[in-house]
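Novice: Starting off with a structure, shown below.
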């Protein structure tokens with residue numbers, strides 16, 4: 001992110017602008033104010049959207065949660081089976097001192113299956129050398145859709161719902177991008193937020209596996225772009241001095257939303273009622289079309305300067321400042337000049353080699369293009385994987401999720417504090433490797449040390465949250481201005497693989513062995529931390545504009561800020 005070095009709000013004389021380039025940042029810094037009452041109102045509205053986005057992005061963690069089951073034992077169970085009768089150890093293999101197999105039972109000791117007296121179920125009825133899968137299941141509770149859809153021991157189908165939903169966030173990107181560019185950021189934000197609300201409410205009536213899964217997919221496809229639209233609009237209103245903090249604040253609000261969702265799910269455990277509780281309030285987001293202000297930069301990109309001027313005057317009035325007509329005219333001139341330059345650049349782009357060819361001509365850039373997607377896959381895989389697996393830990397699943405969500409907040413702000421002090425690479429290496437160490441420690445932690453294992457788990461989540469914030473900054477700074485958006489989007493898009501695989505980790509653990517997800521988390525974190533050594537430090541360096549400049553990053557003679 002290019003930064004303006006001027007940090008004060010003392011206005012320069014607009015007359016001094018002359019023919020110099022006047023950008024929106026120039027006016028925010030020198031006249032309107034980088035953060036005032038207008039921006040504060042925008043932050044409050046954006047925070048609500050961020051909290052709602054957190055609810056919709058992670059509700060599947062509880063609505064599709066695993067439910068503990070046992071086999072129905074026709075020989076012993078009555079018409080209304082009791083969850084844990086005294087005779088259970090006679091019929092079902094034990095998996096621990098107080099737990100039993102969820103998906104298997106002992107076979108009969110004879111070829112005849114007979115109903116015994118209602119109060120007896122002797123061990124002699126079963127053959128302990130014969131184990132067979134359940135024909136039917138008894139569920140500990142009816143809270144999750146796993147009960148309604150009878151998913152019991154079908155971990156792959158249950159986990160696949162989360163993956164399909166996450167895939168929907170990928171398909172949302174081009175749709176939201178088109179709407180945002182064609183009709184404006186405000187329209188994109190309102191449509192996404194309201195689509196999320198009504199599609200979530202409709203899911204209350206889902207009664208089939210396909211129907212439920214498609215509901216999650218379409219909600220993500222047509223609604224998950226709300227957070228990014230919200231984020232962009234807020235960043236465009238704030239001065240450069242406050243943008244890093246503003247970004248961390250939006251991530252913080254997202255985590256607060258996850259914390260609130262965990263508490264709401266604890267109070268409203270049934271998935272249908274939880275869905276209604278989470279989504280009905282979001283129907284109010286239709287009002288955002290009138291509550292939020294359209295992006296100034298979008299108005300300018302469409303040549304609608306009268307409307308952009310009106311918004312700037314409104315901002316100045318709210319902040320108790322003024323904006324001069326000369327500044328507004330200079331801003332128009334700059335926007336028109338940039339539009340001409342962009343058109344010329346597009347014309348010349350057709351004469352250049354393809355970007356992939358240029359990358360192969362610059363080996364340092366090629367190396368970054370190869371390693372940066374690995375960082376992104378690792379980060380999203382671990383970040384979402386730890387959140388999803390938190391509800392399967394011992395202890396209260398709701399409080400576990402609340403703790404894991406809350407610990408992200410100091411992680412975000414630690415990154416903001418450390419990035420400028422110890423450097424981008426140091427923060428990322430430490431974050432990845434501390435996280436890896438925590439996964440390894442968690443694997444070998446005894447089952448009876450819940451407080452210690454939870455602490456280790458939380459330190460791991462804290463570390464990966466710190467990485468999540470840092471990776472955005474570092475990836476942006478590694479690439480040149482001319483191709484930054486394309487190369488950043490490339491890394492981010494591949495990174496979605498990690499977030500799509502993360503919901504499958506409970507099934508992976510069930511299929512092979514319980515700690516396999518944490519082995520994968522540790523392995524990827526160790527690898528990504530090592531790959532950071534292959535790229536240059538970018539702290540206190542000028543953002544490169546060309547591939548040639550980007551190739552020189554890390555050299556002693558490269559331009560400092």
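Heads up, the Cβ atoms here are built off N, Cα and C, so glycines get one too.
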Novice: Look up transmembrane segment in TrEMBL and report which of 38-57, 58-77 it refers to.
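Specialist: Checking TrEMBL against the ranges 38-57, 58-77, the transmembrane segment one is 38-57.
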Novice: Between 426-444, 540-558, which stretch does TrEMBL give the note transmembrane segment?
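Specialist: Checked against TrEMBL: transmembrane segment maps to 426-444.
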Novice: From 220-243, 244-267, 316-339, which range did TrEMBL mark with transmembrane segment?
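Specialist: Matching range for transmembrane segment: 244-267.
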Novice: Transmembrane segment per TrEMBL sits at which of 273-292, 293-312?
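Specialist: Range annotated as transmembrane segment by TrEMBL: 273-292.
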Novice: Of the ranges 345-363, 516-534, which one does TrEMBL flag as transmembrane segment?
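Specialist: Here TrEMBL associates transmembrane segment with the stretch 516-534.
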Novice: Is it true that the transmembrane segment (398-419) and the transmembrane segment (456-475) have 3 or more CB pairs under 8 Å, sequence gap of 6 or more?
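Specialist: These two segments touch.
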Novice: Under an 8 Å Cβ to Cβ limit, what residues of the same chain, 6 or more beyond the ends of the transmembrane segment (516-534), are close to it?
Specialist: 367, 371, 374-375, 377-379, 381-382, 385-386, 389, 425, 428-429, 431-433, 435-437, 439-440, 442-443, 460, 464, 505-506, 508-509
Novice: Please tell me whether the transmembrane segment (273-292) and the transmembrane segment (38-57) touch - that is, whether there are at least 3 C-beta pairs under 8 Å between them, with each pair 6 or more apart in sequence.
Specialist: yes
Novice: So which of 38-57, 244-267, 365-386, 487-504 has the most C-beta pairs under 8 Å when paired with the transmembrane segment (456-475)?
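Specialist: Between the stretches 38-57, 244-267, 365-386, 487-504, 365-386 has the largest tally.
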Novice: Based on Cβ pairs under 8 Å, which of the stretches 38-57, 244-267, 426-444 lies most in contact with the transmembrane segment (365-386)?
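Specialist: The listed stretch sharing the most Cβ pairs with the transmembrane segment (365-386) is 426-444.
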Novice: Under 8 Å for C-beta pairs, could you tell me which stretch among 38-57, 426-444, 487-504 has the largest tally with the transmembrane segment (244-267)?
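Specialist: Between the candidates 38-57, 426-444, 487-504, the best contact partner of the transmembrane segment (244-267) is 38-57.
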